[in-house]
Amino acid sequence: MDTLIREFDVALRAIAGATRAERANPADRLAPETEQMNPEERRHVSGLMRINHVGEVCAQALYQAQKLTARTPAVRAQMDAAAKEEEDHLAWCADRLRELGSRPSLLNPVWYAGAFAIGVLAGRAGDKVSLGFVAETERQVEHHLTSHLDRLPTTDSRSRAILEQMRDDEVRHGDAARNAGGIPLPGPVRALMQVASRVMTTTAYRI
């Protein structure tokens, strides 16, 4: 029962944007630069950071579901450790959205519920499949973050610092999942994940 209460609290905080980072925000070492962006650039960066915030909401749901369905304590511990770092990402993205005078996606409860359901399916397929799903998810997120870094205004070093640290963490999470025994996912599954990602990114940019 205590575990369920704790996990429910994690879900509520992720959806409500009430998470707190354990690590320092990478942007804290930089001076505020938002005022150097024109209104169009600020709207664009807000859209990108909203997408990244949604991605971290989904990451919390995925890791939570896969942790609850893991077959072994080792995999459960690995999912828990990664989820804590992803919680840092969630808090950093929320901080940046506030700095930009923007907001998270209004559809966060929907994104969370959908990602949790997918995580349960991956977890029930077994630890090797679940770890493979983590590895593929992190690979796609790495590419997505690289794309966002390319699309940031040159003056926005604060968002850049956050996304670069997030990308480094995602690469490490993916490598850890593969090294722990994650197996490659079938091509159709990878393609379906990419389609779902495009739907999320297109919608979250605006809503």
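Using N, Cα and C of the backbone, Cβ positions are placed for all residues, glycine too.
Here Swiss-Prot flags Glu56, Glu86, His89, Glu170 as Fe cation 1 binding site, drawing on sequence analysis. Per Swiss-Prot, Fe cation 2 binding site is recorded for Glu86, Glu138, Glu170, His173, and the stated evidence type is sequence analysis. According to Swiss-Prot, the feature compositional bias 'Basic and acidic residues' maps to 22-32. Residues annotated as region 'Disordered' in Swiss-Prot: 22-41.
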Residue pair Glu170 (Fe cation 1 binding site), Glu138 (Fe cation 2 binding site) - Cα distance, angstrom, rounded: 5
Secondary structure tally of the region 'Disordered' (22-41) (DSSP, helix then strand then coil): 10 helix, 0 strand, 10 coil
Any further residue of that chain within 8 Å (Cβ to the Cβ centroid of Glu86, Glu138, Glu170, His173) of the recorded Fe cation 2 site: Ala59, Ala82, Glu85, Val134, Thr137, Val141, Asp169, Val171, Arg172, Gly174
Using Cα positions only, nearest of the binding-site residues to His173 (Fe cation 2 binding site) (Glu56, Glu86, His89): Glu86
Integer Å distance between the CA atoms belonging to Glu56 (Fe cation 1 binding site) and Glu138 (Fe cation 2 binding site): 11
Cβ contacts of Glu86 (Fe cation 1 binding site) (under 8 Å, same chain, 6 or more positions away): Glu56, Ala59, Gln60, Tyr63, Asp169, His173
